[in-house]
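Student: I grabbed these lines from Swiss-Prot:
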- H219: active site (ACT_SITE)
- A123, N189: NAD(+) binding site (BINDING)
Amino acid sequence: MLHVSMVGCGAIGRGVMELLKSDPEVVFDVVIVPEHTMDEARDAVTALAPGARVATHLDDQRPDLLVECAGHHALEEHIVPALERGIPCMVVSVGALSEPGMAERLEAAARRGGTQVQLLSGAIGAIDALAAARVGGLDEVIYTGRKPARAWAGTPAEQLFDLDALTEATVIFEGTARDAARLYPKNANVAATVSLAGLGLDRTSVKLLADPHAVENVHHVEARGAFGGFELTMRGKPLAANPKTSALTVFSVVRALGNRAHAVSI
């Protein structure tokens, strides 16, 4: 049985608890949220993980695993201290590692605690193949992200383009993964995950498109190297509770927790 504490009780966290509420091998003990959201979180936790308690931080708890589903800010506030205490962690908000020094702080904390932090694949597939290809040497990795035009509301694209007036797919960004993550932090998780599995933030090429005709999030990865080459296209349906998040992100957390809890892992 795997005893899990989770940071976050938003769309992703609730989706994870919903899918695992009938799995006896995964038990949620603590759900960590900001103080001003505790009442709302208690209602959700009571329905989805009635054995768990809601708290603002981990206290002296030592779960088997701490999983982050809360956003970039949670890494510094909760994940780094947990790693230093020797608690294994999983991270959904991989885009946070594009922030200067964050990847190094996570690694240093895990080393000090004698534990490990796992970066989850989230909304993208073939990360295992890309990471394996890196062993033999990669020459080029290109990530293209296409989303409905309104999915880019609240980003720099809204200042550069009239998103409601677009009539065709429009490139809103082209550059490195590091710059993409800096300019579009709420849309950076996939680009950052691809980068960290492959050539890194400064050598991974990224193109982002706003498409008025798109009804789903489309992720395309091209990779070439000593292994040969591959192309992957994924058409992800957005999470109903948060259209900026792919439903596959929730499924990837559930799979990762199942792999830790169950006798067979794949």
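Placed from the backbone N, Cα and C atoms, the Cβ positions cover glycine too.
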Student: Is N189 (NAD(+) binding site) helix, strand or coil when read with DSSP?
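Tutor: Note: N189 (NAD(+) binding site) is helical by DSSP.
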Student: What is the total of other Cβ atoms whose distance to the Cβ of A123 (NAD(+) binding site) is within 10 Å?
Tutor: 24
Student: Given the residue listed as 'active site' and A123 (NAD(+) binding site), what distance in Å do their CA atoms have, once rounded to a whole number?
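Tutor: Pair distance, Cα basis, whole Å: 8 Å.
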Student: Tell me which of the recorded positions N189, H219 sits in the most Cβ-dense spot, judged by other Cβ atoms within 10 Å.
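Tutor: Most Cβ neighbours within 10 Å: N189.
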